[in-house]
Amino acid sequence: MSFFKRLKEKFTGQTEDKSEQEETLEPLEDEENDASETAENEAEEETPKKKPKKLSEADFDEDGLISIEDFEEIEAQKLGAKFKAGLEKSRQNFQEQLNNLIARYRKVDEDFFEALEEMLITADVGFNTVMELVDELRDEARRQNIQETEDLREVIVEKIVEIYHQDDENSEAVDIQEDRLNVILMVGVNGVGKTTTIGKLAHRYQSEGKKVMLAAGDTFRAGAIEQLQVWGERVGVDVVSQSEGSDPAAVMYDAINAAKNKGVDILICDTAGRLQNKANLMNELEKVKRVIGRAVPDAPHEVLLCLDATTGQNALSQARSFKEVTNVTGIVLTKLDGTAKGGIVLAIRNELHIPVKYVGLGEKLDDLQPFNPESYVYGLFADMIEKNVDVDEIDADANDEPETVDTVENEGNDHGPR
Ligand SMILES: Nc1nc2c(ncn2[C@@H]2O[C@H](COP(=O)(O)OP(=O)(O)OP(=O)(O)O)[C@@H](O)[C@H]2O)c(=O)[nH]1
Ligand SMILES: [Mg+2]
């Protein structure tokens, strides 16, 4: 199965769909109920084609429980929809630029690759990553003897996933273990979204059945303690705090004791926003870490660095500096919904070798999602993935539905230079 087709099936649940492209996750009023078994295989020509599944259609057993397959299918669709919505600005930008490029340079040649490099650099993908990516594309085009730029679309998207995965496929997972107090320390410069992310994370872990507590370690900025308390109330978790101006290391010490007494699974610690070039603030962070490490062996288990995606290359330089002074275990890339340059994810991964563990896709509680390169490229190229698959399918059934062929093929070729 082609890469685009697999992504489309995974994130929309659809294996057909010539008429309903816009309705990816919208309720479908008139579907047949029994479409569930027709999934994956290549023999789709004979079987009825599958439509996205809704919770109401899932197969429930007599205890009212949903099957694991149905659950996973519905979750993947929700995830696809989240990434699609959160990456809308970047998607419009990426797709439009790529379409323009393909229309302008119809033949795969050095001019095309140079223009592609420029486009990716402008989208914040990062210089070294772009060079690596485009070199791989050159090789792949040669290997597969691809002549038309149009035929390179899918390879480009697939290479983005590959290049992300090349270090370590599993490192996006956050290190949360049963039977211990897990401590997560949130760090980053001012205003990047640390406190908001803590609220969202608390919500996520709590809804997974974990007992969560928050530590109000930003004793510096006026209003910071209250802000975390509001999140605590909203989510329904305890917040340990002291008065403004007190020593953040002392707050952590208190919080760890309280967490141990209450059998907490995950303690998430807020810290004051700090500039990476302010030595005293960085020293304070080290002290906080030391205190946490003394109270709980191996803690903090995660030091998550929050970066604001809208700051582009500046986020990279922040990450470099933080990495020098503290052992950052993962990145939370916030406000990805607010930028049209979503390529920054790739730059972070490839130039810093720190995994992006979560991405912020909006301001709502459930807008923080674990990062995964496939969901990311789906969000970045969703319309193209859906449309391209359709063109393939239509090529295969051209005899059955001639009018649809015209409509979609025309759409696919309608990207003249602007
Ligand atoms: N659109 C969008 N806004 C976000 C996201 N994450 C955080 N924000 C917004 O970013 C702003 C700053 O968030 P905070 O959580 O206060 O940032 P902070 O890093 O704790 O800031 P300081 O405590 O001042 O250092 C708030 O208005 C948040 O709503 C996101 O993923 N998307
Ligand atoms: Mg804060």
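From the backbone N, Cα and C atoms, a Cβ is placed for every residue, glycine too.
No curator has checked TrEMBL annotations; they are predicted automatically.
Residues or ranges marked as region 'Disordered' in TrEMBL: 1-56, 397-418. Annotation comment: TrEMBL describes 9-18, 46-56 as compositional bias 'Basic and acidic residues'. If you look up TrEMBL, you'll see 84-111 marked as coiled coil. The GTP binding site annotation in TrEMBL covers 188-195, 270-274, 334-337. According to TrEMBL, the feature domain 'SRP54-type proteins GTP-binding' maps to 355-368.
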Those residues of the chain, 6+ apart, with a Cβ under 8 Å from that of L336 (GTP binding site): G86, L87, S90, A309, G342, V345, V359, G360, L361
Cβ-based isolation winner (fewest other Cβ atoms within 10 Å) among the binding-site residues G188, G191: G191
Summary of DSSP states over the domain 'SRP54-type proteins GTP-binding' (355-368), given as helix, strand and coil counts: 3 helix, 6 strand, 5 coil
Packing count at R274 (GTP binding site) (other Cβ atoms within 10 Å of its Cβ): 19
Binding-site residues listed as K194, T271, least Cβ neighbours within 10 Å: K194
DSSP-derived class (H/G/I helix, E/B strand, else coil) of G191 (GTP binding site): coil
Listed binding-site residues adjacent to ligand 2, that is, members of G191, T271, R274, L336 whose C-beta is under 6 A away: none
DSSP three-state assignment for R274 (GTP binding site): coil
